[in-house]
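**Student:** Encoded as structure tokens, here's the structure I'll be asking about.
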Amino acid sequence: QEHAYPADELMPLTCRGRVRGQEPSRGDVDDALGKFSLTLIDTLDTLVVLNKTKEFEEAVRKVIKDVNLDNDIVVSVFETNIRVLGGLLGGHSVAIMLKEKGDYMQWYNGELLHMAKELGYKLLPAFNTTSGLPYPRVNLKFGVRHPEARTGTETDTCTACAGTLILEFAALSRFTGTSIFEEYARKALDFIWEKRQRSSNLVGVTINIHTGDWVRKDSGVGAGIDSYYEYLLKAYVLLGDDSFLERFNTHYDAIMRYISQPPLLLDVHIHKPMLNARTWMDSLLAFFPGLQVLKGDIRPAIETHEMLYQVIKKHNFLPEAFTTDFRVHWAQHPLRPEFAESTYFLYKATGDPYYLEVGKTLIENLNKYARVPCGFAAMKDVRTGSHEDRMDSFFLAEMFKYLYLLFADKEDMIFDIEDYIFTTEAHLLPLWLSTTNQTISKKNTTTEYTELDDSNFDWTCPNTQILFPNDPMFAQSIREPLKNVVDKSCPRGISRAEDGLGSGPKPPLRARDFMASNPEHLEILKKMGVSLIHLKDGRVQLVQHAVQAASSLDAEDGLRFMQEMIELSSQQQKEQQLPPRAVQIVSHPFFGRVVLTAGPAQFGMDLSKHKAGTRGFVATIKPYNGCSEITNPEAVKEKIALMQRGQCMFAEKARNVQRAGAIGGIVIDDNEGSSSDTAPLFQMAGDGKNTDDITIPMLFLFNKEGNIILDAIREYEAVEVLLSDKAKDRDLEVENMDQKLSENDSHKQHSEEPTSASQDVGTVSEEPEEGESSDVTDPDSVPPADAASDSVSISNQESSVPGSQEAGAPEPACPPGDSQPQEQQTETEPNSKVNWDNKVQPMESILADWNEDIEAFEMMEKDEL
């Protein structure tokens, strides 16, 4: 409220609101922002769960008074439905509950529901397709096909985007008596069900909204599909329609048959489900153990959850994606709540106090690594601990809610949470809606449903007393074999067909074995529809045309070969790059809470070999560009020099500040508005000469990150930073001491794992701007697809391309940490977590920070969190 209202989101590093159009575009991520005070609406029912009824009443008045839903802005149908429509309905649900109790909201007369209905009508134009699947985006003012709508040309949408509407739309129909919303949502679900792959009963990630053809034919339980499965089961619970349960059971049988490879959940091809589609998992699948609890299939839920927890213990947070051998694939973590959600449901199902310890770990990590003076910042890289100026609305809507409920006793709640079902955004819808305004006939529209032989279907509504009769050790016995799965085992990313568990033949050629000079290999490529082009620089380029393959099976082998080759080529490229570094502000009042992503230099001190890093106060040099002799050496001596990019080589700047006595240097980009949020980092190259004379560490900050330090100097004058390969542990006890504590005592290294690249680092030796940009995906949408038909260039060499191990070969020793960069060029933005003291009221102290400015935050540092 203090720093960001009425903006959609808070930017916790710069302590201001994120207003769409006023900040650099982040691509699809910004489609969640509609200038409708997103975070306020998304957090309404969280306030009531936290027993903040007075604050809830004030927030509802603000929504009614200030929020405008008629903005000329293009938004995501999916995000607007789950966050805004769901937030309004959840707020209405708890508002009428409070009014009925008689103490609060006596003035309330359904205003939130009226706004929800208005928004529902604004989303309906998106459903104007022959299939009934909605367009992915809609203009709140002009709809879809209107000349001024600036949308309506899309042809594809993700399965979750079209299949995650039924709870909110049906609730809106049941609350208002207007059936059209539930009808549209049901039609979309019916269409997806009819288009499932009939032999495998799986659905793809992306579908054409006009033809119903699958665009991306890989299938999993993570991004792009996740909440489709969730809403089938929850629609049965909320609406009582057996057809939804039958569909869910059919899909669930396929998931457990093909995708589940305990404790992993790996994507497969819908037409060839014994073949894995990729060798990595995305963090959104962390919701699935919670859904399995709701279904009553507890054992695999415990297994997958434990595997995910081991990954978290290794990296402090769940990376946006990680490989089957638990290396970081995408290093971001936007404070996602899915793992906390599953932790809550597993605790409710088992009563095992182990899950309270898991929750405590989540809270401690949030306070230790994500908390900044104005909120909680997303992690730009879980390995370096660097931050992103981002705090998505789902952090408050879901993370706070699930963690509070995990620790809350029944007497802490002012209402019975069991009377409600959670939407995918954790909004509360009352179960009594199942018997209200049943305007839709509950006929069974499920076609070709086959009764499945699965005893788990008897346990759709689990009862802890039946599932765990007098056996408190049940869950522990399942977890025990997995407690060292991350650190002491190296699962291989191979398909079960290759491992002898499937019926498919072995692939004719693996990318790791390919040699461009081998005639037999070239003949195999030709059969798979892959052509080879020799480039002038000595490299070869591979291009696949499926129509030129000898058969459809050969074309599929060629597709997999190209995917493998692209991954290997990307890995080789990144192995030649330096990983990003961290600039951590350690002085008062930051105390190490703000960590900035920094680009490395190919010269000077190698911070990865000096784990303690370089710590010192910063000083701005004169001249600011650092391209000539420094005229204020007395201000720079024994300091970390700040300088501006431009007008000379980076190495020249480094030599000049080193001669002036600086112990390190930070180059700040001169391109106004540049940010690591929207651009890939690059490494500063030398000047073509020997740079062994440069011994100080040099790092690069984009303009936005650099301004955070410059603003701190203007406000606090003396600003101390730590230049390191990764952020150092911030012990809360240290915050109670004087800022002059020694470096060894106040900054202990949290992890001994070698760091690796968090994102693409383009090398620059001259001052011109880089032309690269990173792709950004929607928080709950689809991660970038593996390029299938694109070309890939590789070195033309006799030796085989190094890559992942082939099935059946001896297993290698586990590599230490994440020393080899694994992350792909395309990145996604962001997950979530919170902090708590086991002796005080945790959410009280956390929520209080949102009403504190930096000065009050300084006072709060003396309190135990």
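Glycine too: its Cβ is placed from the backbone N, Cα and C atoms.
Heads up, TrEMBL stuff is auto-annotated, nobody curated it.
Annotation source TrEMBL lists active site at Asp226, Glu338. According to TrEMBL, the Ca(2+) binding site annotation covers Thr424. The region 'Disordered' annotation in TrEMBL covers 739-839. Summarising the annotation, TrEMBL assigns compositional bias 'Acidic residues' to 766-778. TrEMBL lists 790-803 with the feature compositional bias 'Polar residues'.
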**Student:** Roughly how many Å separate the Cα of Glu338 (active site) from that of the residue listed as 'Ca(2+) binding site', to the nearest whole number?
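**Tutor:** Here the two Cα atoms are 9 Å apart.
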**Student:** Let's check the environment of Glu338 (active site): how many other CB atoms sit within 10 Å of its CB?
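**Tutor:** Looking across every protein chain shown, the total is 27.
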**Student:** Can you grab the distance from Asp226 (active site) over to the residue listed as 'Ca(2+) binding site'? Cα atoms, rounded to a whole Å.
**Tutor:** 10
**Student:** For Thr424 (Ca(2+) binding site), just count the other CB atoms lying within 10 A of its CB, please.
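**Tutor:** If we count other Cβ atoms within 10 Å of Thr424 (Ca(2+) binding site), we arrive at 26.
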**Student:** Measure from the Cβ of Asp226 (active site) and count the other Cβ atoms within 10 Å, all protein chains considered.
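**Tutor:** So the Cβ neighbour count for Asp226 (active site) comes to 26.
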